[in-house]
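Visitor: As annotated in TrEMBL:
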COMPBIAS  40-63  compositional bias 'Pro residues'
COMPBIAS  77-89  compositional bias 'Basic and acidic residues'
DOMAIN    95-174  domain 'Smr'
REGION    27-89  region 'Disordered'
Amino acid sequence: MPRRGRTLTPEERAMWRAYAAAVKPLPGHALPPLQAAPVAEPPPPPPAPPPPSAPASPAPRPRPSALHVGHQPGGLDHQRWKDLRRGRTRPERTLDLHGRRAQEAYLAVRAFLFSAHAQGLRCVAVVTGKGPAPDGGVLRRELPHWLNAPDLRPLLLGAAHPAPNQGVVHLLLRRRRAP
């Protein structure tokens, strides 16, 4: 594979032209005509400094990737994930959504998670129930969407069903950041 060369600086091009001008062609071969040296254009004036603006705000934190119930998220060590998934991490508080409509349940989940995070809890459980349909009830299907809401997702590290129970989701909360 041919090696990709660098471009010559203007000084190197001038030296090469001076050297090549003194070279005589071999008998039977003609030299190609020399190209004229390019005329250097004056450099453009420096851009005007931008007008003073408001003080720079801190860069926003990157948004965590989507949370999937039962899938190990990045940033969570394997042992802690295994304990959460197998139900060995005991929830410190439980929210039971049985008998609630979807809107009521959504508001209850939001309030529950904000409260638990503010209190520094690490693991909580949300009971949705299995639901009558093969893929679960409305609350069980909607809970992962609620957990990925922009205001709730930063609070959560992981979510898993404890081993035998598909009607409960254990949530591992992030630690609170010091102000």
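Placed from the backbone N, Cα and C atoms, the Cβ positions cover glycine too.
Remember, TrEMBL labels are computer predictions, not curated facts.
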Visitor: Given the model, what does the mean pLDDT over the domain 'Smr' (95-174) come out as?
Guide: 85
Visitor: On the DSSP side of things, how many residues of the domain 'Smr' (95-174) fall into helix, strand and coil, could you say?
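Guide: Across the domain 'Smr' (95-174), the residues distribute as 30 helix, 18 strand, 32 coil.
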